[in-house]
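Engineer: After the structure tokens below, expect a handful of questions from me.
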């Protein structure tokens, strides 16, 4: 190919200036990707299909157009830069038209000005947003029977996991103890081979397994001696999330000789497709994630689970919703793929979400009804509550207490922090044996260099009768989780109770003139903490779960979009673990782990979405999202309003009434979501018009990143006009009228009466007061909001549509009045 004169001049210059620091850049190009291409390039027929059609990714049209786009990417780079001064990592052609390239910042500047280039953005990092729940959600009795029972729940639905890989030998992913899995004709992903065992990562249950690390390698973050250059899970996170969504039913959860119940995924018969992008040491990179998403949709996944998110809102665009990551997911939704993403673990503080866009289902984490509590009984009769999944002290008796400080061996111990009981060789076995070892909770536990599991190993090696780990100083934001152990053990998290314990120990211990303990009279007994306690005050929004409002840009201005969308269990979730996983040191080497995070909440929604997809294979992703949101509950198991864990001014945890910024539309109700009565649907064009309606957004930016042009005649003119199952107006000035279109998904006509609830600061009126919707038909409702007073705070209400055939549709309404 002949280079232009400009290109030749650039080439000569760039040869001398590309020796600086290289970074990975994501580039979008002019021209439609495969999912959007409707023809126009000579010699290449259209590849886009309607939503209810299935794209044949192996067709000559798709393969030839994909190759055409890849060649365009290669030719552009070849025309501008000398070979060897850059490295193209990926060509994106299915969801977005572009590529990822490793090059210098100066080369990136030249690339920005090159013909055909629409947008160039430097890559950024992503992070992890780290089973009793089927029963808690009512799946075995209320949902699975409608799909043929647990052994058919999710049949032939493929869930793609963009995560840290999978441990395929785990029984949660076995195909040996289930009915044989047949082929899934619509899924065409590939299976990598394990480089060590030379065995495929797939087995019928797992239908696809690939890893993506080119951006990580180019950035110098990938260490082949530590990371696995394969889909193998070296972290534990990916195996855990996959098992929550689609793990086999009835898998015994055994640790330390005790069974903690039987694990099951939400859709135990669904298939698993693995797209590894997360690694032990550094997390991952957006360029690798976009490549994984592009491949997953091309392969034919039905659901995408993303327990990952960016470290912060994107800085290179004027609105949060416009970036390569969200643009790829927008195209995925257009291709018919439902996307569940973790909200983030920055709670309970506002504006901490890492999932922003309305086409994504953003999942907050809830605390379910199962809590592991235990207590320590002191010799003076006091009971100190704490956390400890352990057996009781022998014979339910009391034993002498000894602190690690009084069991030190020699002066060499000063080299290490012996008081957190991580190193048994620093303590006197003769003194500790037969006693309860008292350890301190240092900052090392928060930094990850200390763990309860190591305390257990220390106490066991020294022959202790048990152990106590006591928190002496408050560490705001610390998440204390119980850890299963095989000997009596407890973590005292309340600083005031630790003070009681230390005062009792000191007053009961005799010391010599040098302060050395000589007689230990303090005694204690640890109760049995193996059985959980069930509470009706559940679910609650977990303290760590990120909160809204959603933000529309890097300056954290409020968006007219409600986030999160929904609440699902995400606290102390039992599920599969990779024995070589390093993400949770307390479960190193184990086959199961009890982990908390919005990472655990998202796969609950992904699995439930698979059940909805199984029952309604033609529903769009926005219809599935609507079914989940409009049927969610705002009441806990005790029929009280949902509550959210918060901090008081003194940094103590408390409970307050949950708002939509805590839990979206409410807690997921799987049975209701399978039969919602009405859905609010949105098309790809609606989402594009939403992007174009954002104030101050650059319309060329929408075209450059999302790949579709703004149309001034489109029906949505304001962000809050988007037809989603919520209404959010961040700046309500005077009166605004908002319309929503509901579509019947029932087999019979139904008449709905419409009611509203709103605080007095905002007037909310809806017309008509009642309507009848025929099967498959759509009707429009009009909501009028008026600011009556300016409070500087948000008001929360809802529109409720109650059908005469039993359906109940709820639409949360959020607004802040302005003058």
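Here the Cβ of each residue, glycine as well, is placed from N, Cα and C on the backbone.
Found this in TrEMBL, in case it helps:
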type     : residues : note
SIGNAL   : 1-20     : signal peptide
DOMAIN   : 24-126   : domain 'Inhibitor I9'
DOMAIN   : 154-643  : domain 'Peptidase S8/S53'
ACT_SITE : 163      : active site, charge relay system
ACT_SITE : 237      : active site, charge relay system
DOMAIN   : 413-493  : domain 'PA'
ACT_SITE : 599      : active site, charge relay system
DOMAIN   : 721-814  : domain 'Subtilisin-like protease fibronectin type-III'
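Have a look at these and tell me how they're positioned relative to everything else.
Structural biologist: Note on the domain 'Inhibitor I9' (24-126): mean pLDDT across this stretch is 89.
Every protein chain considered, the tally of other Cβ atoms within 10 Å of the Cβ of residue 163 (active site, charge relay system) stands at 28.
For the domain 'PA' (413-493), the number of residues in each DSSP class (helix H, G, I; strand E, B; coil) is 28 helix, 16 strand, 37 coil.
Of all Cβ atoms in the shown protein chains, 32 besides its own fall within 10 Å of the Cβ of residue 599 (active site, charge relay system).
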Engineer: What is the interatomic distance between the Cα atoms of residue 599 (active site, charge relay system) and residue 237 (active site, charge relay system), given in whole Å?
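Structural biologist: Distance (Cα to Cα, whole Å): 8 Å.
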Engineer: Sort the residues of the domain 'Subtilisin-like protease fibronectin type-III' (721-814) into helix, strand and coil with DSSP and give the three counts.
Structural biologist: 1 helix, 61 strand, 32 coil
Engineer: Enter the number of other CB atoms within 10 angstroms of the CB of residue 237 (active site, charge relay system).
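Structural biologist: That number is 31.
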Engineer: Taking helix as H, G and I and strand as E and B in DSSP, count the residues of the domain 'Inhibitor I9' (24-126) in helix, strand and coil.
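Structural biologist: Per-class counts: 29 helix, 27 strand, 47 coil.
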Engineer: Expressed to the nearest Å, what is the distance separating residue 237 (active site, charge relay system) and residue 163 (active site, charge relay system) at their Cα atoms?
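Structural biologist: Spelling it out, the Cα of residue 237 (active site, charge relay system) and the Cα of residue 163 (active site, charge relay system) are 7 Å apart.
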